[in-house]
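Annotation source Swiss-Prot lists FMN binding site at 9-14, 82-84, 117-123, 138, citing sequence analysis. Under the heading NAD(+) binding site, Swiss-Prot lists 11, citing sequence analysis as support. Taken from Swiss-Prot, the feature substrate binding site covers 102. Residues or ranges marked as domain 'Flavodoxin-like' in Swiss-Prot: 3-194.
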């Protein structure tokens, strides 16, 4: 069984979550986990100006995803930073190129799940994931979130991401807050949970 983790990350926050998601999925027996980045759409000059180009070098080793690869997976976990309460433009551009897969129903019946990062505590974590689900539903995917059996999302002793819709983190307005132990645990749980659900469906 093959699980793909497909994401976009600017400063590395979503990348950290993606690693935790992949680790969780890989804990399930007979699961192949593949990590992929979606293509960058911003010009290099701008990326350098805002510090993204340098930050992305830390995970430049992760191969860029080809649209056709999605068809080979049994489950796909998508990671995106929030942009005004929606997925980022890079992810939107990538998904807009999946029309050919949609036309032949290539993703119908596959498991889909989403995780995210926002700049602020109420910066659109839930709306980003929920609006992302619309695209997955158009593809006929089976949506899996982060159930309350991950008890870390009920904590009130610290500021934390994660909701029943998916794992998340808060980067901070200066992008200087990194995923906490609890947020990474949520991402790990989500990866493992998706792999378990996919296993029940496809093995």
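Cβ atoms are placed via backbone N, Cα and C, with glycine included.
For the pair the residue listed as 'NAD(+) binding site' and the residue listed as 'substrate binding site', the C-alpha distance works out to 31 angstrom. Rounded to a whole number, the C-alpha distance linking residue 82 (FMN binding site) with residue 102 (substrate binding site) is 24 angstrom. According to its DSSP assignment, residue 11 (NAD(+) binding site) is coil.
Around the Cβ of residue 9 (FMN binding site), the same chain contributes 15, 18, 37, 56, 59, 79, 81, 117, each under 8 angstroms and 6 or more positions distant in sequence. The Cβ of residue 123 (FMN binding site) lies under 8 Å from the Cβ of 82, 85, 170, each of these being in the same chain and 6 or more residues away along the sequence. Take the binding-site residues 11, 102: by the count of other Cβ atoms within 10 Å of each Cβ, the lowest one is 102.
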